[in-house]
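Chemist: From TrEMBL, for reference:
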{"type": "REPEAT", "residues": "308-342", "note": "repeat 'PPR'"}
{"type": "REPEAT", "residues": "343-377", "note": "repeat 'PPR'"}
{"type": "REPEAT", "residues": "410-444", "note": "repeat 'PPR'"}
{"type": "REPEAT", "residues": "445-479", "note": "repeat 'PPR'"}
{"type": "REPEAT", "residues": "480-514", "note": "repeat 'PPR'"}
{"type": "REPEAT", "residues": "515-549", "note": "repeat 'PPR'"}
{"type": "REPEAT", "residues": "550-584", "note": "repeat 'PPR'"}
{"type": "REPEAT", "residues": "585-619", "note": "repeat 'PPR'"}
{"type": "REPEAT", "residues": "620-654", "note": "repeat 'PPR'"}
{"type": "REPEAT", "residues": "655-689", "note": "repeat 'PPR'"}
Amino acid sequence: MKALVSVIRACSARSKFTFHQKIEPFRLFSLSSASASLLTFESSSFEENRVLSADNCIGENNDGFSQNVHATCACISGESSTANYRVCPSFQGNDMFKSVNDENDSVYWFHQRPEDIDRFKRIKSILANYGWNFCFSKYSYRDIVIDQHNVIRILNSLYEESRDASLAFFFYQWSQFCGDSTHSLPTICRMIHILISGNMNHRSIDLLCYLARENNGEDQWHLLMKVLHETHIDTKGLGTAYSMLVDCFIKENMMHIALELSRQMKCYDLFPSKGVINSLIRGLIKSEQIELAWDYLEEIQIQGLVADASIMSLFIQSYCRKGNLKCAWKLLSEMKNYGITPDVVVYTILINALCKACLIREATSLLFKMAYMGITPDSICVSSVIDGICKTGGFDEAIKILKIFRLPPNIYIYNSFIAKLCRDGNMALAFKIFQEMIELGFLPDCHSYTTILGGYCKLGDFNGALIFWGKILKSGVKASVATYTTLIDCSCKSGDVDTAEYIFLAMIKEGLVPDMAAYNTLINGYGRKGGLYKAFGILDMMKSAGISPDIVSYNAIIHGLILQGFVNEARDILDELICRGFSPDVVTFTNLITGYSSKGNFKEAYLMWFHLSDLRMKPDVVMCSALLYGYCRVHLMEEANSLFLKMLDIGLVPDVILYNMLIRSFCYSGNMDDACRLVNMMVRQGIIPNDVTYQALTFGYKKDRARNPVETAAFKLQQILEQYGFSTDVYFTDFSTTLGDDVTASSGRKLVTDNKDH
């Protein structure tokens with residue numbers, strides 16, 4: 001490397017020194033007015049105060065240096081009542097201050113840490129070898145000249161001699177604190193390169209992120225790139241600096257600049273690192289620019305950079321997140337065409353997405369295919385499939401997968417099993433597995449406890465829920481808002497709203513902030529219980545807490561008003577919500593249709609129905625059931641049958657409850673033909689009649705004066721079931737245990753047996 005000879009003015013006999021530069025010489029250049037106004041460090045802490053800095057002084061040894069520093073510390077240690085101290089943001093810690101002396105308008109610098117005093121000794125010693133005579137004592141600010149050109153030269157000298165980037169960075173911070181102006185762009189860029197060369201990348205990233213964050217103009221990054229190139233030490237460091245700068249623009253969400261900067265790096269035959277390329281593609285995908293991400297991927301492949309599985313996984317993850325599993329699957333299948341072998345991460349992303357979409361068979365098939373190809377599934381992959389099976393399939397099938405892949409149970413798998421059993425209502429086995437988990441050394445988390453608690457609440461076992469709540473409190477596990485909300489919901493459904501309110505207040509006392517679900521649950525509980533005054537009070541509390549009520553909150557209020565017979569008031573709230581910009585949902589209209597239908601006001605009920613159509617919302621089975629119940633209640637079976645047919649025309653599938661309501665109404669009206677027609681229709685759709693259906697037919701035939709209503713109803717059900725291939729033996733055996741009348745049950749069972757004998 002060429003030597004850079006620097007003539008340094010000195011007041012001693014050592015007037016000239018030859019400065020042999022071991023790193024690439026710094027090139028002096030002048031910047032345009034744009035560069036002068038470019039980003040520099042903020043100097044808000046300086047304002048009009050002036051800082052005592054180093055000055056060129058003659059013949060002072062290390063002892064004098066130490067004495068001067070300590071003298072300065074003593075001078076501003078607080079003896080003057082007029083001294084004012086402020087922390088300098090250029091340093092980290094509380095030990096760097098500015099002291100403003102009101103008497104002479106002089107500003108002094110001091111540092112009390114011994115290691116920093118040693119640093120200044122090293123700096124003074126190194127710079128003395130290059131012809132700089134520094135002393136750190138009390139001088140007037142007006143006598144000090146430290147310009148940016150000298151700062152750069154000193155940084156070069158310090159790093160060239162010591163190869164210690166931290167020492168150069170310390171002087172850089174100190175000169176920023178003491179200088180008459182903030183550091184210029186060349187100074188910052190040179191410091192960045194020194195930090196990179198000295199393996200202090202974290203500090204260089206801080207400076208680059210500052211420059212990226214303060215970049216307010218579209219054209220400024222060109223100048224920044226140019227100055228980084230002019231001040232670089234070596235090509236490798238320049239590539240690192242550019243990669244870091246691209247990543248900083250990505251973090252600042254300036255994707256267009258990051259992309260252009262990455263492309264401009266080609267001019268210097270440089271490319272971003274693989275991690276930065278991944279970050280750039282991820283940022284483009286996150287900003288919904290997936291086509292641009294594909295274009296960039298093609299560009300880097302043309303330049304000779306080979307995409308790997310980690311990059312392709314970003315695209316697969318994007319497709320999965322959008323629910324486009326077909327494209328994700330296609331990309332996985334075509335990865336081999338690009339010479340890329342899918343890894344366990346790629347498979348896990350797609351398997352997890354398939355499980356979330358309830359495509360368990362496809363997820364399980366892909367899991368076995370992955371193992372067949374020699375890729376060992378990890379715990380996350382297998383756990384996702386087990387969790388998916390537990391949510392949609394059987395418990396035994398999930399156990400089978402666990403044994404095949406020999407995966408040691410983890411807390412996630414235990415939670416999946418417990419959740420499955422709680423949904424099935426098998427609390428005894430769920431609690432047994434919960435205890436087994438503890439015995440094996442797995443500590444249940446808040447989710448585990450909340451799942452068990454929710455299982456008791458689903459069964460309506462409020463006492464069991466309270467007992468288990470006591471176990472949660474004794475365990476030391478901090479209950480979450482979801483845990484409290486589950487118990488509040490259980491209390492409300494059991495009719496104990498006072499306990500629900502107590503639990504709600506206890507949650508707040510524990511320092512937890514109730515969320516939307518917690519407020520809505522309590523509002524719904526008061527509404528169902530008739531406590532509308534308290535329901536409105538909770539609504540006001542919710543607003544005071546800064547949580548804006550949603551349509552679920554107002555649906556709970558509307559439902560409570562309708563239960564108390566205030567249908568018109570509920571309608572007024574709906575109109576007010578629409579005026580305020582709320583979008584009512586199907587539940588809102590279902591509540592109002594229920595209210596009008598129960599009062600026999602079918603005109604208003606139908607107006608709600610048509611208003612729903614105007615909003616392009618599709619009615620559901622619950623809404624149709626509400627209107628049908630109103631017709632059946634006043635025995636308007638012709639209108640009910642007409643509405644039922646319309647419901648079938650729009651593609652709604654009735655459930656067993658809706659069928660039984662219509663069958664019972666036809667039977668009570670003595671219309672057994674239509675009742676049997678509905679039974680035939682429900683069996684054809686795969687819906688099996690239950691004891692409610694049987695009792696309704698029995699009542700209908702009894703009202704129709706049949707000779708033996710029980711046997712007639714049983715025989716009719718048998719005919720319809722056998723017509724569609726259903727076994728009647730097991731079916732009527734279930735009736736024998738369901739119906740309380742021994743004579744009726746035995747009579748029905750005898751009829752089936754006799755018919756089978758013939």
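Please read every residue number as a count from 1 along the shown chain.
Every residue gets a Cβ built from N, Cα and C, even glycine.
Bear in mind that TrEMBL entries carry predicted annotations, made automatically and left uncurated.
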Chemist: Excluding the flanking five residues on each side, which residues at least 6 beyond the ends of the repeat 'PPR' (343-377) place their CB within less than 8 Å of a CB in that stretch?
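Modeler: For the repeat 'PPR' (343-377), the sequence-distant neighbours (Cβ-Cβ under 8 Å, at least 6 residues beyond its ends) are 309-310, 312-313, 316-317, 320-321, 323, 325, 328-329, 332, 335, 384-385, 387-389, 391-393, 401, 405.
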Chemist: Give the mean pLDDT for the repeat 'PPR' (655-689) on the 0 to 100 scale.
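Modeler: A mean pLDDT of 90 is what the model gives the repeat 'PPR' (655-689).
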Chemist: Residue list, the repeat 'PPR' (620-654) vs rest of chain: Cβ under 8 Å, 6 or more residues beyond ends.
Modeler: 586, 589-590, 593-594, 596-598, 600, 602, 605, 609, 612, 661-662, 664-666, 668-669, 671, 674, 682, 685, 687
Chemist: Which residues of the chain, 6 or more past the ends of the repeat 'PPR' (655-689), have a CB below 8 A from one of its CBs?
Modeler: 621, 624-625, 628-629, 632, 635, 637, 640-641, 644, 696-697, 699-701, 703-704, 716-717, 720-721, 723-724, 726, 731
